[in-house]
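Chemist: Pulled the feature table from TrEMBL, pasting it below:
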- 1-120: domain 'Response regulatory' (DOMAIN)
- 145-215: domain 'PAS' (DOMAIN)
- 218-270: domain 'PAC' (DOMAIN)
- 346-398: domain 'PAC' (DOMAIN)
- 423-641: domain 'Histidine kinase' (DOMAIN)
- 669-787: domain 'Response regulatory' (DOMAIN)
- D718: 4-aspartylphosphate (MOD_RES)
Amino acid sequence: MWLIANSTEHVLLVRDILAAAHPVEVVTDPDLALARLSPGVAPPLLLVQARLPDLPPAAICRGARAHCDRAALPILVLLPPGAEAERHEAALDAFRAGANDVVSAACDPAELLARVASLLDVSRAHAALLAEHARASAPPSEEVQEARFRTMADTAPAMLWVTESDGRCSFLSRGWYEFTGQCEETGLGFGWTDAVHPDDRGASTRAFLEANEQRRPFAIDYRLCSREGIYRWAIDAGRPRLGPSGEFLGYIGSVIDIHDRKQAEAELRETNLRLSEAVDAAEAGTWRIDVGSGVDSRDRGFNRILGLPAEDTASTVADFFGRMHPDDVSTALAAWRQALGRCGVYDIEHRIIRSDGAVRWIRNRGQVIAGLEGAPLTATGVVTDTTERKQRDLERELLLESERAARAEAERASRTKDELVATVSHELRTPLNAILGWAQLLRRPTRQPEQIDKGLEVIERNARMQAQLVSDLLDVSRIVTGKLHVEVGPLDLDAVVRAALEDLRAPAVAKGVALRAQIETLDAPVQGDSNRLQQVVVNLVSNAIKFTPRGGLVDITLERSGAWVVLTVRDSGQGIAPEVLPHIFDRFRQADSTIARRHGGLGLGLSIVKHLVERHGGRIHASSPGLGDGAIFVVELPCEASAPLSSSPMSGRPRARHTPPRTTLDGVRVLVVDDEPDALELTRRVLEEQRATVSTALSGPEALRALRANTPHVLVSDIGMPGMDGYTFIREVRASGDIALRDLPAVAMTAFARPEDRRRALDAGFHAHMAKPIEPAELVAIVSTLAPDDDLPPNSA
């Protein structure tokens with residue numbers, strides 16, 4: 001037999017099924033097959049694929065019928081898998097064009113073999129009749145032909161039948177009677193319909209009668225009752241019988257048991273339905289690829305993942321790879337080629353770009369199926385959207401990483417806190433030890449005069465160390481909370497630097513370190529806070545002195561560089577290790593934090609300096625050639641080329657003067673208010689040493705009584721007092737009906753040292769604010785400045 005087809009998967013499967021029982025020749029060129037046909041040259045059976053690119057099957061059937069009639073050349077058309085309506089229309093076209101029978105290319109192999117065998121049997125019977133006719137000079141009698149036909153029909157595997165032109169059945173083969181249990185009396189005519197299931201009887205009878213009226217081939221499925229009373233599915237196919245002159249004689253056909261195939265189809269449909277439901281429930285999709293053509297068939301689930309219409313199920317492999325993320329294409333292609341080469345599993349996770357532009361992760365797993373020759377034939381697989389899982393994995397990893405970082409940071413912070421507590425304790429106890437120790441030594445009756453000066457010097461130095469420590473801690477607290485106050489105004493930076501260096505010369509000389517300064521007189525002001533910038537200079541230079549050994553040198557330069565003023569502090573000290581340099585401005589970080597360190601401190605100074613410089617719009621960086629080669633700190637501050645210079649070299653420092661400062665306080669009456677007797681006594685002694693007349697009060701009410709009795713020239717009051725605090729006290733003073741008290745100069749002297757404390761004191765009615773511990777010279781200067789000239793004796797020279 002000839003198989004006119006191209007090499008698609010289904011056709012190759014048909015070829016392989018038939019080749020096991022019949023010789024099959026595949027002809028891919030329909031024109032060539034038709035050219036070979038002639039009445040004397042024809043195959044016993046012609047199989048035609050329904051979908052051929054060059055010539056439709058109807059044209060092939062008509063071309064074949066031009067050479068051979070239906071009896072001489074049976075034609076079986078292979079219908080493609082598809083919808084029932086599409087298959088029905090294709091079958092009608094085939095029958096009209098001269099096909100003997102049609103069958104699905106994806107049918108059960110047993111059905112295919114049965115249909116082919118049935119057609120071959122009819123063809124052989126017809127050929128035998130023709131051969132017998134050819135051998136005999138005279139045609140055989142009808143009885144002989146009938147006997148021969150009955151013999152062949154009874155030995156055929158299918159149930160054969162013949163009808164007359166009016167539709168009545170005139171012959172049923174032995175196979176029909178054996179299957180149904182009918183006999184000639186009950187089966188012939190239209191009795192055969194009694195064996196059809198009642199639910200199918202009407203439709204099948206109408207289908208047969210319509211075909212009989214239209215003289216066309218037909219094929220119908222119905223349930224047929226066996227002699228055991230069991231209904232089984234069968235397919236009934238027939239074709240018109242024509243006489244020598246082409247007149248319509250009736251039909252000849254066959255009935256084949258296809259119950260097993262029907263059951264298999266039902267089970268397959270059920271399985272596919274369950275699989276489809278499972279795939280839908282899993283929000284997955286399936287695909288199938290014809291390796292030879294590259295056609296990619298997708299289900300609606302896969303289209304949903306790709307963002308495509310549900311009906312857009314046919315595409316190509318190239319199109320799918322075109323929808324992949326560009327970064328994943330090469331990896332996916334390599335995996336696909338490897339699966340094709342081995343006819344194995346294709347399993348990969350990659351990204352796709354949906355039709356709406358969204359990027360999604362999918363898991364794509366499939367299996368390549370080989371043909372009979374071992375070459376890849378098809379591939380089928382399942383895809384699932386793994387974007388949410390990927391996101392959860394990423395979030396979990398980020399959370400774990402964050403948790404690890406947080407744990408490490410917490411452990412580091414805990415270590416830093418422990419080190420800080422130990423360091424603060426050490427830094428507080430060290431000066432306290434000196435203060436308490438020398439205070440006890442000075443109380444001994446055996447002390448020497450020179451020990452008094454030495455002890456007082458030690459006590460003062462260590463007290464200043466403690467004051468600086470507290471000041472640094474408060475500054476850091478303000479920095480962390482964002483409350484560090486900076487009063488910005490135009491200032492003469494070179495004067496600020498000179499003033500800071502003047503304060504540091506004595507400590508440098510005491511240690512044996514030389515200070516060398518090159519301070520350029522600037523032609524443009526810097527916007528800033530003179531107190532804070534002096535703090536920057538003092539910190540950098542005092543650090544350089546601290547870390548420079550005796551005989552060393554500290555170089556300080558101030559110069560203009562374009563739109564910047566550059567302050568450089570260079571020392572010849574111990575230098576900074578490379579691993580320490582990146583952290584030199586971190587809080588509580590020191591080059592040597594061991595218990596055996598040579599230099600004290602909390603490691604706060606440089607972090608405060610960095611913050612102050614940045615608050616002024618500047619920048620700072622540190623460098624060091626290495627250990628033992630000194631260090632260099634460079635501060636850059638923006639300057640204003642067009643702004644006028646301040647008339648005062650320290651204009652940024654707040655200073656309120658009512659009168660020029662005095663050299664003594666001779667004749668100045670001062671009332672000092674403080675609930676701490678020791679602090680009260682200290683203030684009184686400082687002022688009396690400058691010949692001021694000092695009266696004291698331990699509380700606000702006591703001070704109010706003293707003011708009503710005798711009005712002083714200047715009032716100095718603490719803030720944090722029990723009962724009536726300093727703010728309430730000064731408001732009471734200002735609310736007095738006495739004009740002298742309303743205008744009385746007043747100084748707030750308190751341990752509340754924050755900028756907001758200063759503003760609150762001034763707003764409450766004080767003229768000046770001093771932070772404890774006090775500087776005696778500063779206290780005297782402020783009192784001298786605030787004291788009026790009225791009723792005072794002239795200043796002494």
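Just so it is clear, glycine is given a Cβ too, placed from its N, Cα and C backbone atoms.
Can you tell me where each of these features sits in this structure?
Modeler: Taking the domain 'Response regulatory' (1-120) as a whole, pLDDT averages 79 in the prediction.
DSSP assignment over the domain 'PAC' (218-270) gives 12 helix, 30 strand, 11 coil.
For the domain 'PAC' (346-398), the DSSP-based tally of helix, strand and coil residues reads 12 helix, 30 strand, 11 coil.
For D718 (4-aspartylphosphate), the count of additional Cβ atoms within 10 Å of its Cβ stands at 25 [all protein chains shown].
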Chemist: Using DSSP, break the domain 'Response regulatory' (669-787) down into helix, strand and coil residues and give each count.
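Modeler: The counts are 57 helix, 23 strand, 39 coil.
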